[in-house]
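Database features (Swiss-Prot):
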type	residues	note
BINDING	Arg32, Lys220, Gly245, Asp246, Thr278	substrate binding site
BINDING	Asn34, Ser36, Asp66, Thr67	K(+) binding site
BINDING	Asn34, Phe35, Ser36, His37, Arg73, Lys156	ATP binding site
MOD_RES	Lys76	N6-acetyllysine
SITE	Lys220	site 'Transition state stabilizer'
BINDING	Glu222, Asp246	Mg(2+) binding site
MOD_RES	Lys319	N6-acetyllysine
Amino acid sequence: MKKTKIVCTIGPKTESEEMLAKMLDAGMNVMRLNFSHGDYAEHGQRIQNLRNVMSKTGKTAAILLDTKGPEIRTMKLEGGNDVSLKAGQTFTFTTDKSVIGNSEMVAVTYEGFTTDLSVGNTVLVDDGLIGMEVTAIEGNKVICKVLNNGDLGENKGVNLPGVSIALPALAEKDKQDLIFGCEQGVDFVAASFIRKRSDVIEIREHLKAHGGENIHIISKIENQEGLNNFDEILEASDGIMVARGDLGVEIPVEEVIFAQKMMIEKCIRARKVVITATQMLDSMIKNPRPTRAEAGDVANAILDGTDAVMLSGESAKGKYPLEAVSIMATICERTDRVMNSRLEFNNDNRKLRITEAVCRGAVETAEKLDAPLIVVATQGGKSARAVRKYFPDATILALTTNEKTAHQLVLSKGVVPQLVKEITSTDDFYRLGKELALQSGLAHKGDVVVMVSGALVPSGTTNTASVHVL
């Protein structure tokens, strides 16, 4: 069974009910909506379509809204045509938005461009395809020397590696998009270009103000500043997305894999969910099979311990969206089979909190008894994530009375959430857990299961792990 979860970006190729049903069958767990593209009517329809499919099939999936975030882009060019730049030529950026650009100058969307940059800084355009060095700053103009040949287009992303920029965490568009997300009841917000703790807090306050206090925030780490402040960002967030696209432009490409491993490890220790994203099966936008390197990349992220792997263009606009999900699911399943439980966390000598100690004990017991299933009663999802931290061989069946929690646990590795009407007592939990263990096919008559619950089942400290034979 596949334990690693798959996040699929949904676009024109995959938005119909028919396609969404096939994507769920193929292994999709979370629908990602990229708010850098599309309007509210399109995104609203996609959400409705997924909910219709879920109610018809009884399958559970989560919805993730990915914000555009505070980014810098190039503006208009003459005739809307790309311009060719040559290595060695001079090129100027201006903050005067009325300028229509050409092969010598273009306007950028960010007012503070001239104040944040210094002579000697690097400017990268279009995912780093064109590099420039700042040679002078005059008034509202930044004058650069072009470092390599390339074609510059309008509305292309501009990165300033190593420069701390004063853009707000939430652009006006993001604020409106988050309100839309609250109205639609999305499960997660993936917040782009998070640079520091206060960015996350600002987003959380905005969500709270519009009835979205239960939406989980996944912070996307996309630049050096985000990496430098990673610990404080992790603490303020519900999870992390390792956004390797922009990150690989902002930091040297050979550093990205080490940043990925560091972030995944810290997320596991903190019991926070982590998604590894960008270019995972990139060649499948055009080809029916991935490269061997891509298949290895997906497996490597899973071995690192990621909760989920993500498809972007592969599922939103590619030629082979279904094949991409199927192949990714196959790689997940194969790699999940070789993962061992991790009861020995290095340097984990600190005293464990009650919940964590009980959950760790449950995993240890399940390993020793070869139990195929650990059943957890969880209100907000903490206990289920505490069990997941130790990578049990057993599947985790998480019973919750909270619909939001059920959807959010869809993203956690190895967790199968199950919404139940009520759990009145510990005995009721044992009865219900055993019934659902058999019904779901996750365990069979005669199997040993480990059950984890609290004294006050509705909420409170998880303090009991017990062993049952079905």
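Each Cβ is built from the backbone N, Cα and C atoms, and glycine gets one as well.
On a predicted model such as this, the values are computed, not experimentally measured, just so you know.
Structure with Swiss-Prot features highlighted.
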residue	record	Cβ within 10 Å
Arg32	substrate binding site	25
Phe35	ATP binding site	23
Ser36	K(+) binding site	13
His37	ATP binding site	14
Asp66	K(+) binding site	25
Arg73	ATP binding site	16
Glu222	Mg(2+) binding site	27
Gly245	substrate binding site	18
Asp246	substrate binding site	23
Lys319	N6-acetyllysine	13
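The Cβ of Lys76 (N6-acetyllysine) has Ile100, Gly101, Ala107, Glu154 as same-chain neighbours under 8 Å, each 6 or more residues away in sequence. Straight-line distance linking the Cα atoms of Asp246 (substrate binding site) and His37 (ATP binding site), rounded to a whole number, equals 17 Å. Of all the binding-site residues given, namely Arg32, Phe35, Arg73, Glu222, Gly245, those whose Cα is no farther than the 10 Å limit from the Cα of Asp66 (K(+) binding site) are Arg32, Phe35. Measuring Cα to Cα from Thr67 (K(+) binding site), none of the recorded positions Arg73, Lys156, Glu222, Thr278, Lys319 fall within 10 Å. Reported as a whole number, the C-alpha separation between Ser36 (K(+) binding site) and Arg73 (ATP binding site) equals 12 Å.
Max Cα-Cα distance over the annotated ATP binders (Asn34, Phe35, Ser36, His37, Arg73, Lys156) is 17 Å. Just so you know, the Cβ of Asn34 (K(+) binding site) picks up 20 other Cβ atoms within 10 Å once every protein chain is counted. Looking only at the recorded positions Arg32, Asn34, Thr278, Lys319, the one with its C-alpha closest to Arg73 (ATP binding site) is Asn34. Same-chain residues that are not part of Arg32, Lys220, Gly245, Asp246, Thr278 yet have a Cβ within 8 Å of the Cβ center of the substrate site turn out to be Asp66, Ser192, Glu222, Met241, Ala243, Arg244, Leu247, Ala277, Met310, Ser312. Taking CA atoms as the reference points, Thr278 (substrate binding site) and His37 (ATP binding site) are 16 Å apart. Taking the Cα atom of each, Asn34 (K(+) binding site) and Lys220 (substrate binding site) are about 13 angstrom apart.
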